[in-house]
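S.K.: Starting off with a structure, shown below.
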Amino acid sequence: MSVIMNDGAAHEYTECPQMSSQYPVEGAQSSAACAASSESSEESEKSSKLKHIVYFPEDGAVLPEVKELAGDSRGYNVGSSCKRLPSFSQDELLHFRSGLAWIGLDQSTPAKVALSWFLFFLFTFAVPCFNFSVVSCSNCDKNHTHPFELLVQYAESTLAAVSFLCLSYTLRTYGLRGTLLLDKMIRERNEVRQGYEHQLHTPFSLLAWILLPSFVIELSFRVWWYAYASISVPFIPNDPRLNMVLCAVGMLSWLYRTSIFLFMCVLFRLMCSLQILRLQGYNNLLKGTPKVSVILLEHLRIRTQLLTISHRFRVFLVLSLLTISFTLMLALFVMLGSAHSINFFRAGDLVVCTAVQLTGLVICLHGAAKITHRAQRIVSIVSQWHALATCTPNAVTASAAKTSGVDACQQDPAVLYGPAHPLLYNDSSDDLETLMPSFPCGLESPMHDMEAYQKRHALVTYLQHSRAGISLYGFVLDRTFLYSMSGVTVSLTLFILGKTIFA
């Protein structure tokens, strides 16, 4: 069976009857294991062949053969030996790869890499520069001039270049599966895996809905512009059909550059949405276990993936934020200087460019802020649990006396609720009174265990100082960052107003 790995290449895998339903094993290493059982189970092998589906193994259910392939006598690396290996016909990334191919970002083979870079240079630099050089409207009246053409072309090409270079580097370094962090899914629960697969089908639908209204407005503006503009190409006579060709090529260039930028924004939002699913699974873990070691290790895994997302997208986010800020402030300065002559036919492309930039910026900031606050909410949950377990231990204790009806003095309250247990977050006053009764038999004393207290205190301290979430070079994208960014924007706007209108 041929499967696709992170490097985009196809590898051959042997289907062993004992392992084929869940665990594919590669090449020569699996032939010896399958040879011993193939003679005695030919009929069962025919009925148990893979039907182009490769499943996630359950947590901890790793076969001895796979453990030997890991080459570690003390344990095994589940991530490297049991990655999800889809076949061609039912690859859950097939739709995603098709979307990448349609917007010219598929770089799975050397030929596709060359085609992707050719389209990038053609539509990002060659076509805009050619159109700006040969298309002019020197004989047009004041209401039909195009004063913002250079600014719009600069902004769109810069954002497209930043998006393409960042995405190309990420795909070339980590592969598509590594970029989407699907290679980390081996330890997740079934509901989280299903949520991952559902979310993978949403980004291109969202991209289409964003592009559709912008495309209609941009098309109407371009048709008007090329109807009035004159084209002077050396050695080519002026022909109305040439205007139509350049208009079509210009629209393709706009569509390509806008799609690349918005796709990077939607991809970042997708990564944040996938991590929200993991945090929901972590919240379920907090409801069910009071073990500090389990809570800490799982949080370390989530924090590592959030740091991975931050490092892979921080260059794109910073450069996009600077480009958008510079473009918007310069456009505001120019428009306020000639506000009396601004209309759709003069500034229609600037309106579309600004709307696309703000849409992408809002998508990125909303996704980052949402995942950051979901991660930071864990601190308050665990802190409340630690405080209740220390000050009123019986409030977080599921004692046997509560469930068996036996006298509380004859039972040991040895079971703690998890930090996110529903009983700890009930607003009903009656339920709160039942959670914190008096302690007639000294039930409080066993819970004051110094070792348990130190573990909880260490966990709370770690959570308070880890600041899990999406960050840009140490600056966490939370509400404080958004407030600061809004303040800087208002200050720059007032400065520009002071230099133009109130001057």
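Every residue gets a Cβ built from N, Cα and C, even glycine.
Annotations in TrEMBL come from automatic prediction, not curation.
Here's the feature list from TrEMBL:
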TRANSMEM  113-134  transmembrane segment
TRANSMEM  154-171  transmembrane segment
TRANSMEM  206-227  transmembrane segment
TRANSMEM  242-268  transmembrane segment
TRANSMEM  313-335  transmembrane segment
TRANSMEM  347-368  transmembrane segment
TRANSMEM  481-502  transmembrane segment
S.K.: Which bits of the chain, at least 6 residues beyond where the transmembrane segment (242-268) starts or stops, bring a Cβ under 8 A of a Cβ in it?
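M.R.: Result: 103-105, 119, 123-124, 127-128, 131, 134-135, 156-157, 159-160, 162-164, 166-167, 203-204, 206-207, 210-211, 214-215, 218-219, 222-223, 226-227, 229, 231, 233, 236, 309, 313, 316-317, 320, 356, 359-361, 363-364, 367-368.
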S.K.: Take the transmembrane segment (113-134) and find every residue of the same chain, 6 or more past its ends, with a Cβ under 8 Å from one of its Cβ atoms.
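M.R.: Distant contacts of the transmembrane segment (113-134): 104-107, 149-150, 153, 156-157, 160-161, 164, 168, 231-233, 246, 249-250, 252-253, 256-257.
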S.K.: Looking only at residues six or more beyond either end of the transmembrane segment (154-171), which have a C-beta under 8 A from one in the stretch?
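M.R.: Same-chain contacts beyond the flanks: 105, 107, 116, 120, 123-125, 128, 179, 254, 256-258, 260-261, 263-264, 267, 312-313, 315-316, 319-320, 323-324, 327, 353, 357, 360.
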